[in-house]
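Data block below; observations after.
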């Protein structure tokens, strides 16, 4: 399913016959034996993809799974906003013309989305519920939730741009596993370090695809040229995005965990036969090994590290280990405090007093107080007011 009978090409460019690509297979066929220029050998021998035609590792696939992931994320967001029902539960809403689907006030959620209480209800990652409430499924469900329209658009556009290209190259099974397992790895690291906040979003899974793209170049080193330029470009893209992750409100631990998981998983899932095997795979005698020794070593080491990470991470998480106690500086990887913002991630907590129609509230975090004329406010409304008061 999803297979397409057409020529395949590496993710980062076209085959060697197309001169304008940034990265393409290297033609290492010797031209000395024929005495002809290398360019004639190139046109006669064909590209790496053409020579690999017929081998299962070089099929070109139709991309359908990644678009399905995007549609699923959008549907989940719509359902989340339906459950949120800001006009009924909060009252202070943005874009009220959307009715039940209107957003929480921008003071509470600047990303144009639901309340934190709704995200918790829908399956956001909350460490206490995972560890003490036996709700380990939140490590997976949080990857399908988003904090708002802005959050959703950024992740889905990135997923379409990166994911569809990778799925066409490697197929829906490998890229689907890379996406899902990377998101899971990002959730584990996030849960180990962000102990008090609710975490949602597909960013960890998307960063896993970036990690897989990078490791795929290393594991298939012999089939690409211009490798250094491509690696530098990828590293810069990842570095910029991780740099933005030190801003408040961004779960950079999910990014880092997803990228690291995807990087290791890329060595395992995206390995391809080396160039020499493609050239001589139909030779009657002397056919080389399908994979070079360095590929086998990278595959084995990465698989062992990946298994070790999941075993240690899950055991630590369900034993309620706080990663911050073992790494005093790691919190700076997710937020760097400045004079313009604080990195206090403690959830909003307030004391409330109801006298008739008057609700008095005090934020325990900053000491601010407020009074509101409300008769029998809902828990969602009280939580919304508390979040705004504690900002």
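Glycine is no exception: its Cβ is also placed from the backbone N, Cα and C atoms.
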200-221, 332-353, 354-375 - the range that TrEMBL marks as transmembrane segment: 200-221
Find the average pLDDT over the domain 'Peptidase S54 rhomboid' (135-270) in the predicted model and report it. 91
